[in-house]
Amino acid sequence: MSVPLILTLLAGAATFIGAFLGVLGQKPSNRMLAFSLGFAAGIMLLISLMEMLPAALDTEGMSPVLGYGMFIIGLLGYFGLDRLLPHAHPQDLVQKRQQPLPGSIKRTAILLTLGISLHNFPEGIATFVTASSNLELGFGIALAVALHNIPEGLAVAGPVYAATGSKRTAIFWAGISGMAEILGGVLAWLILGSLVSPIVMAAIMAAVAGIMVALSVDELMPLAKEIDPNNNPSYGVLCGMSIMGLSLVILQTIGIG
């Protein structure tokens, strides 16, 4: 099994960590969840804008028009799907968790699971494509994806467990979203394995960079602010950027990058 596929599997499996936290009652503080989301956004922004997009543009034979065009397609594609596909957000469950409406909570959790699955699927593809092009960047993307999968698993499993009383059901529904990400990675492994053209991989990587930027600014940062409105998510973003940037420098210095 290839390393990029393993990274994708591990990133998707992080959803189960949140699911177990949701059913065991050991919920992390809102401040910690918000910081982790900001941290993940910082990693994604730095890698997308400072590494993935420049690497795609520097590929031999890649024109700036195609490179930036694919980046914009990734941006607009994410925003378009996010607006067209009705889905709930994790904060919806956080707000409804205190309401004595178990059936309503369960329905919302199921809708949330389906919505998260829809955007986790391309994340699995993005993780695999990035790791296939540059293993160093793949580690960073996998870490960022895993960090924001944990609160997603928690947001689904906790309310479902409260509504049904079944830990197995709660973990099942939370795990579906993680499995969607793994499925995306597996399909990318099966389909993209035959696409050996560097230009094709560079174009896909530019589009993935656009998706990651959109995900960071439209999903992760606003969600971090809603979970913990008393603290600025920018601290987590800056911390994620700084640590990721430092790690990239260290890896390149020792010859791994």
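Note that Cβ sites are derived from N, Cα and C of the backbone, with glycine treated the same way.
For reference, Swiss-Prot has these:
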- Asn120, Glu123, Asn149, Glu152, Glu181: Fe(2+) binding site (BINDING)
- Glu123, His148, Glu152: Zn(2+) binding site (BINDING)
- 5-25: transmembrane segment (TRANSMEM)
- 33-53: transmembrane segment (TRANSMEM)
- 61-81: transmembrane segment (TRANSMEM)
- 109-129: transmembrane segment (TRANSMEM)
- 137-157: transmembrane segment (TRANSMEM)
- 171-191: transmembrane segment (TRANSMEM)
- 195-215: transmembrane segment (TRANSMEM)
- 236-256: transmembrane segment (TRANSMEM)
Take the transmembrane segment (5-25) and find every residue of the same chain, 6 or more past its ends, with a Cβ under 8 Å from one of its Cβ atoms.
120, 123-124, 127-128, 131, 138-139, 141-143, 145-147, 149-158, 160-161, 167, 170-171, 174-175, 177-182, 184-186, 188-189
Taking the Cβ of Glu152 (Fe(2+) binding site) as the centre, count every other Cβ atom within 10 Å, in any protein chain shown.
26
Test of understanding: give the count of other CB atoms lying within 10 angstroms of the CB of Glu181 (Fe(2+) binding site).
32
At the level of the C-alpha atoms, what whole-angstrom distance separates Asn120 (Fe(2+) binding site) and His148 (Zn(2+) binding site)?
11
Stretch of maximal Cβ-Cβ contact with the transmembrane segment (171-191) [cut-off: under 8 Å; candidates 33-53, 61-81, 137-157]:
137-157
Need the DSSP three-state call for Asn149 (Fe(2+) binding site) to compare against my parser.
helix
Applying the under-8 angstroms CB criterion, which one of 33-53, 137-157, 195-215 scores highest with the transmembrane segment (61-81)?
195-215
For a quick check of understanding: among the binding-site residues Asn120, Glu123, His148, Asn149, which residue's Cβ has the most other Cβ atoms within 10 Å?
His148
List the Cα distance (Å, whole number) between His148 (Zn(2+) binding site) and Glu181 (Fe(2+) binding site).
12
Helix, strand or coil: which one is Glu181 (Fe(2+) binding site) in, per DSSP?
helix
